[in-house]
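Student: Starting off with a structure, shown below.
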Amino acid sequence: MKPKVFITRAIPENGIDMLREHFEVEVWPEEREIPREVLLEKVRDVDALVTMLSERIDGEVFDNAPRLRIVANYAVGYDNVDVEEATRRGIYVTNTPDVLTNATADFAWTLLLATARRLIEADSFTRSGEWKRKGIAWHPLMFLGHDVYGKTIGIIGFGRIGQAVARRAKGFGMRILYYSRTRKPEAEEELKAEFKPLEELLKESDFVVLAVPLTKETYHMIGERELKLMKPTAILVNIARGKVVDTEALIKALKEGWIAGAGLDVFEEEPYYNEELFSLKNVILAPHIGSATFGAREGMAELVARNLIAFKNGEVPPTLVNKEVVKVKKPGFR
């Protein structure tokens, strides 16, 4: 009899096809997030669970899932999973790093360039017919933006995605600064990147890109004090987690001109709507789509499947998050 896996949202078929060879597979069929009470019911007879960032996977879920042995999170981050509690119970937790690195770094640059050059404003101006109504074919002062080439970029969080952002910055001839919990000598050499304390990075950067995981230490690490350290011409890009930035402080910074603009792919709560923030012209907004390319999402689905299949075969999953769990229970559904 095959072990059973429940997938909380439809993922690309390549991953599901791989899983069907080894598991009894059930997929939540709706686009909306699975209701909490339904999730708690569905996990009662599953051996494995594929989850999204939007689901809170905690002790309550584990209490309702007596057979659960592994949680495969369809994301590189895993702040939605109580990893410590999972480890205590011998439940393996995996994620999907690497396969979404380039897509997410590309999107950081999409936000950076679009914000710097006021792309959404210009698109709206053109699409609405305002350009035609004004009757001005070209004007020296129309939609002036900020130069990118040769400027200074500060990257907060210098893991895979942060370094991928930096590689792209090299092509723009930029000075690259970074801040991280630990220094990265090899990356510094490869990318000609300079390690800076957070305050110095904020003061010196023309563009600040957030690429840190959400932890107790990074919660609201960018608040009023930090935003006031930035240049009034600087642009903030957040591809990390919404809670890394104090939203109320950011709104104030954008309205009062402490910084020039922001590009946001993540928010403190998701889905999200904030009329005050969303009415501002100097911010570009996206609904958490940093990894939303066909290649990245298919790669994530394949990695989810590889993790679960490895576990089923009694092997340590390739991208195991809680490595200490192997001391609690060996991999496998035995």
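Note that the numbers count up from 1, one per residue, in the order the chain is shown.
Here the Cβ of each residue, glycine as well, is placed from N, Cα and C on the backbone.
Keep in mind that this is a model prediction, so the values were computed, not measured.
Heads up, here are the entries from Swiss-Prot:
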ACT_SITE  ARG241  active site
ACT_SITE  GLU270  active site
ACT_SITE  HIS288  active site, proton donor
BINDING   PHE158, GLY159, ARG160, ILE161, SER180, ARG181, THR182, ILE239, ALA240, ARG241, HIS288, ILE289, GLY290  NADP(+) binding site
Student: Report, in whole Å, the straight Cα-to-Cα distance of ARG241 (active site) from THR182 (NADP(+) binding site).
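Tutor: Spelling it out, the Cα of THR182 (NADP(+) binding site) and the Cα of ARG241 (active site) are 20 Å apart.
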Student: Do any of PHE158, SER180, HIS288 (recorded positions) have a CA within 10 A of ARG241 (active site), and if so which?
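Tutor: The recorded positions close to ARG241 (active site) (Cα within 10 Å), listed in sequence order, are HIS288.
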Student: Among ARG160, ARG241, HIS288, the recorded positions in question, whose Cβ has the most other Cβ atoms within 10 Å in this structure?
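Tutor: Selected residue: ARG241.
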Student: Show which residues of the chain containing ALA240 (NADP(+) binding site), separated from it by at least 6 in sequence, have their CB under 8 Å from its CB.
Tutor: ILE156, GLY157, LEU210, ALA211, VAL212, PRO213, LEU214, THR218, VAL266
Student: Do me a favour and check the Cα-Cα span between SER180 (NADP(+) binding site) and HIS288 (active site, proton donor); whole Å is fine.
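Tutor: Cα-Cα distance, SER180 (NADP(+) binding site) to HIS288 (active site, proton donor): 23 Å.
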Student: Based on DSSP, name the secondary structure state of THR182 (NADP(+) binding site): helix, strand or coil.
Tutor: coil
